[in-house]
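Participant: Copied straight from TrEMBL:
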DOMAIN    19-227  domain 'Class II aldolase/adducin N-terminal'
BINDING   Cys97  substrate binding site
BINDING   His115, His117, His200  Zn(2+) binding site
ACT_SITE  Glu138  active site, proton donor/acceptor
Amino acid sequence: MSMISDELVVSEDPLHPANLICSLCTKFYEKDWCLGTGGGISIRDQETNRYYIAPSGVQKELMKPTDLFVVNGYHYDPDHEDTLFIRKPDGLKPSDCTPLFLTCFKELGVSAVIHTHSSNAVMASLLYDDFFEISHIEQVKALPSHKIDPETGKHINLLFQDTLRIPVIENQNFEYELTDDLINICRKYPHTCAVIVRRHGIFVWGPSIQKAKIYNESIDYLLGLAIQMKEMGIDTVKK
């Protein structure tokens, strides 16, 4: 198969990963989460185990499905990254987040990862140390807890009085340098659905792109609310 074959990314189905990545990147650009060429999304097609990855250096609101890179998940070898791609569009580079996206897929078995440069995430990273925490806010009920439903085997969502805790890691000059810290977070806190990178942004993941989108939107709302609470001297975790 040609490395620039369009058959992997061209589809009339609006829910095809390539179409979803482009439409969501446009929405996230409009929310100021992915300005310039910052941020990105990766989706795993659960039927084919192919990973669709947004490119580097392309304005998110102008991205086309044919701009996307594709990795065969069955042949993923983290030690040979140059051989990962089964589709590489001419003239483009894969996202600098590629090692981080693939780490989440490998370590957590998720199906989608969203990375934004949300100003709420950046500001919150300056107000909290090792963890962002908030409780007794209705929107926390949209996020998964560490508890597992014995019947479904899936994470049970947080309750109103529960505390949402999101790890915060330090930024580096290059995104691939965050990989080891992300691996540590995935292994130490396998129930978490996000990690904040100080002075940089946030990575959010989920069992589907739909869930990841819900988590991302809910977390950003909670981050913004926490910033306002801090400004007013209100504790974000109710004692």
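Using N, Cα and C of the backbone, Cβ positions are placed for all residues, glycine too.
What you are looking at is a predicted structure, and each value in this text was computed from that prediction instead of being measured.
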Participant: Sorted by position, what residues of the same chain at least six away from His117 (Zn(2+) binding site) have a C-beta under 8 A from it?
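Facilitator: The answer is Trp33, Cys34, Leu35, Gly38, Gly39, His200, Gly201.
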Participant: Given the binding-site residues His115, His200, which one is most crowded in terms of C-beta atoms within 10 angstroms?
Facilitator: His115
Participant: Within 8 Å of the centroid of the Cβ atoms of His115, His117, His200, which other residues of that chain place their own Cβ, given that this set defines the recorded Zn(2+) site?
Facilitator: Gly38, Gly39, Thr116, Ser118, Ala121, Val197, Gly201, Ile202, Phe203
Participant: Below 8 Å Cβ to Cβ and six or more residues apart, same chain only. Which residues does that give for Cys97 (substrate binding site)?
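Facilitator: Same-chain residues close to Cys97 (substrate binding site) (Cβ under 8 Å, separated by 6 or more) are Gly40, Ser42, Val113, His115, Glu175, Phe203.
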Participant: Using a Cβ cut-off under 8 Å and a sequence separation of 6 or more, which residues in the same chain sit near Glu138 (active site, proton donor/acceptor)?
Facilitator: Phe160
Participant: For the domain 'Class II aldolase/adducin N-terminal' (19-227), what's the mean pLDDT in this predicted model?
Facilitator: 93
